[in-house]
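Chemist: Have a look at this one.
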Amino acid sequence: QFFVFCHGLLQLSQLLVSGYLKSSISTIERRYGLSSRTSGLLASFNEVGNTLLIVFISYFGSRVHRPRFIGAGAILVSLAGFLMSLPHFITGPYEFDQSVASTFSNTTDLCQPRPRANLSDASCTPRASRENHEVLLVMFIAQALLGIGGVPIQPFGISYIDDFASERNSPLYLGILFSVTVIGPGVAFMLGSAMLRFYVDIDKVSGAEVQLTHEDPRWVGAWWLGFLVAASLVALSAVPYFFFPREMPKEVGEVLQVGLFALLLPGFPLVLLRNLRHPVYLLVVLAQVNISAMVAGLATFMGKFLERQFSLTASFANMIIGAVNIPGAMVGIVVGGAILKRFQMSLRRCSALCVLGMFLCLLVAFPLLFLGCPTQKVAGVTYSDSSEFGHHELECNLQCNCPEKAYNPICGSNSIEYISPCSAGCRAVNIQEDTNAVLNYTNCSCISENGSFANPGTCSTGCSHLFLPFVVLSCLAGILASTSHTPSFMLILRSIQPEDKSFAVGIQFMLLRVLAWMPGPILYGSAIDTTCILWEKRCDRKAACRYYDNTLFRRRW
């Protein structure tokens, strides 16, 4: 029972490390200027290390000291977690465009008629571009290590428990572990929600110097902090494993040796063919591949989607996912299992239940295509009303010599957004005395109506009333889709020969990894990138996306 407790703790903290990346992905994109395709590749890269090794590890399953192997894997996972946070410590402080000269920047993005030094070249030193490659390299290595370290944890833990637990208790123990793996991602998103409220350079600058609030589009939260917390938890959970015996006395109950590692069979290719030729097995696994690819992409970018569609902070978006969507999916899984148990379903009924769950999910999810916000009007990006302004739109800030890459969005009194105070032609800024926070910008040559002033931050898209229906429907769709989770597993387990069972589940997970969890986030990230209308430029390369076409983003997503 102590082993089960330790294993639950370890699996939870391992999932914290891998799930936390998903919760902070939009923040990491902004901080290091990554496209969603790159961040999707990063998010799925841990599956690479995992897939390459899982077959070998399962093969040696019964011949090694399993608890020590689990402990060693956990040490690797915790190392990976610490490595993930390393980029924060090897790069300089986060720089953003400001209107008020401060300790870290003496430039201002107000309209200045005299020529200014070109900002975009100043920040692109060879060191800056090298720094960027280093950051990506470190993160990809960390993700690969995370995958490799995670390999022994689940299969060895499950087989160890199954070997030494009594037959009566084994399902209970495995059920406990399964529920932990479902709760894990929810906890990770909540951790993300908490950490992203702190400013990224909380350790490098004092609070008084930071003039950003979380609502600010330039805000970057302390993404690295969560990795430190999660990695420390993994390291702590790893300790007891080095003290468990190689074998335990079996709990009271009859002895039953289940070969979880059927890969030792000499007839390996024959079994593989036999299973893949089985139509039910093949179809169900393909169905699972499709839904898993969707879930992998959704889980990676759901936070980003909510942030962009409904102008939410990263912290709040994570809280919604962790507190509403993931628990919804858990409810669905439990309900599906309960229906199976209550009605003692045949295989045909199992598949009918899966079809029904998916069909209802589609019905509920269909309105989500239309629930979202229009793209905000951004002068010169999504909006140029030539009839009203003549060519005033371009000429109103010509004398300002605006730096190309300035990004400090403001909302004009004409409710049009401008990329920076300079692009709105604003010449003056009002500052709150004590906090140094910007109150508003005045004397803006591009804003003609309502007093030609502007407020800091993006313009609201004015559709916050759609957020609640979106959350309710997406949660409901998640519940309905996940009712098919347990029946689809039953279809697999009951349709194949008993001696192939563990092997078939192994192949199933291999296929899910290779066909769903790896490509899923990359596909989603690439689709998201196609809807970008304004890219940030860093050293003449595309960095993170500044503005998306919200309607396209929603439809392609």
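Backbone N, Cα and C atoms are what each Cβ position is placed from, and that goes for glycine too.
Because TrEMBL annotations are produced automatically, they should be read as predictions rather than curated entries.
Sequence annotations record features per position, and here TrEMBL assigns domain 'Major facilitator superfamily (MFS) profile' to 1-557. Among the features that TrEMBL reports, domain 'Kazal-like' is placed at 390-445. The transmembrane segment annotation in TrEMBL covers 40-61, 67-86, 135-153, 173-200, 221-243, 255-273, 280-303, 315-340, 352-372.
Could you place these features in context, so I can see how deep they sit and what lies close by?
Modeler: Summed and averaged per residue, pLDDT over the domain 'Kazal-like' (390-445) gives 79.
Beyond the ends of the transmembrane segment (315-340), by six or more residues, the same chain brings 23, 179, 182-183, 185-190, 192-194, 196-197, 214, 221, 302-304, 306-307, 350, 353, 357, 471, 474-476, 478-487, 490 to within a C-beta distance below 8 angstroms of the stretch.
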Chemist: Using DSSP, break the domain 'Kazal-like' (390-445) down into helix, strand and coil residues and give each count.
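Modeler: Residue counts for the domain 'Kazal-like' (390-445) by secondary structure: 7 helix, 18 strand, 31 coil.
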